[in-house]
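Colleague: Sharing a structure, written as structure tokens. Questions coming.
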Amino acid sequence: MSITPQEALTRCIEHREIFHDEMLHLMRQIMQGQISPVMAAAILTGLRVKKETIGEISAAAQVMREFANHVTVKDRENFVDIVGTGGDGSHTFNISTASMFVAAAAGAKIAKHGNRGVSSKSGSADVLEALGVNIMLTPEQVGECIEQTGIGFMFAPTHHPAMKNVAPIRKEMGVRTIFNILGPLTNPADAPNILMGVFHPDLVGIQVRVMQRLGAQHAIVVYGKDGMDEVSLGAATLVGELKDGEVREYEIHPEDFGLSMISNRGLKVADAVESKEMLLEALSDVPGTPREIVSLNAGTALYAANVASSIEDGIRRAREAIASGAAREKLDQFVRATQQFK
């Protein structure tokens, strides 16, 4: 079922939904540059103002996956993505990136999909480059890295070439659009499990149900009530969990896991170099807030990956991986693996 750009814009203005097949058609046109920049910007604005529905987001994510350069991973057990929407304005160090190394050291397989900075002064791509990682890998090379180390990093522009038709429009608009919430939904390795942080509490219930429609196995979507797109130490965290086909929404608190509630102020960084230093502190078992929040988020990722039976069990495994030096060694191993392709 097709819809003209003008009809789509009218639906948005009238706060009516664009149906699944219509959204597929519309999104394909946008991704292929078949809609003028003015009309594309108007539709993206209209969707944002009326608020994107679960059906619209699911269809748009499906199209982005169609256009992606995919990564093939044979062994998909305990396979997880750890990702945030960004845009939370917290300017913290790269917690999800640090958590990736800890979770991999504790037995998860990670396919992390990331880009340069949005919410932080340093996106996952920025800090990985600062650590010496070669992020410019082909899909085949990413697959090899996952086989060798249990970690693959997929730099979004490499894996979503069709975004070149949308990037100038998004840049000129300078406001959040549906694409800000599509990134975490469009992992090119199709990881069946995910820990996803979001920038707004309303997105917890929306994104977990989108993941349900997209066929995820175990999805955990989180929003820290202090505004973080991570599991927070500074406040309660809203959780949407998809497991065994069922969605559950609940709150967790640091105290639930024997952790103290600590302000996240000490996690702020100015750039990728500061983020790298804080990440290395956490992986090197230096006592402090960075280590604690990485243990909490890596533990949640281990639960999402079905390595751990609960978040609490995951935190215990994460702490062991850090204390034993395995997490730091995993980082070094990953740097070496990516450098072999230079």
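For all residues, glycine too, the Cβ spot is worked out from N, Cα and C.
These figures come from a predicted structure and were not determined experimentally.
These came from Swiss-Prot, pasted as-is:
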BINDING   GLY84, 87-88, THR92, 94-97, 112-120, SER124  5-phospho-alpha-D-ribose 1-diphosphate binding site
BINDING   GLY84, ASN115  anthranilate 1 binding site
BINDING   SER96, GLU230  Mg(2+) 1 binding site
BINDING   ARG170  anthranilate 2 binding site
BINDING   ASP229, GLU230  Mg(2+) 2 binding site
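Help me picture where these features are in the structure shown.
Modeller: Counting only same-chain residues at least 6 apart in sequence, those with a Cβ under 8 Å from the Cβ of SER96 (5-phospho-alpha-D-ribose 1-diphosphate binding site) are ILE82, VAL83, GLY84, LYS112, SER124, LEU195, GLY197, GLU230, ASN297. Reduced to three states, the DSSP call for SER96 (5-phospho-alpha-D-ribose 1-diphosphate binding site) is helix.
Cβ neighbours within 10 Å of ASN115 (anthranilate 1 binding site), excluding its own Cβ and spanning all shown chains: 18.
Under the three-state DSSP scheme, GLU230 (Mg(2+) 1 binding site) falls in the coil class.
Spatially close to ARG170 (anthranilate 2 binding site) yet at least six residues away along the chain are LEU44, THR177, PHE179, judged by Cβ distances under 8 angstroms.
Take the CB of GLU230 (Mg(2+) 1 binding site) and look out to 10 A: across all protein chains shown you find 28 other CB atoms.
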Colleague: Tell me, by DSSP, whether ARG170 (anthranilate 2 binding site) is helix, strand or coil?
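Modeller: For ARG170 (anthranilate 2 binding site) - judged by DSSP and reduced to three states - the answer is helix.
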Colleague: Could you say which of the binding-site residues HIS113, ARG116 has its Cβ with the most other Cβ atoms inside 10 Å?
Modeller: HIS113
Colleague: Using Cα coordinates, what distance in whole Å links ASP229 (Mg(2+) 2 binding site) and THR92 (5-phospho-alpha-D-ribose 1-diphosphate binding site)?
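Modeller: Cα of ASP229 (Mg(2+) 2 binding site) to Cα of THR92 (5-phospho-alpha-D-ribose 1-diphosphate binding site) measures 10 Å after rounding.
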Colleague: Select one residue from GLY84, THR92: among these binding-site residues, choose the one with the most other Cβ atoms within 10 Å of its Cβ.
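Modeller: Within the set of binding-site residues, the most crowded position is GLY84.
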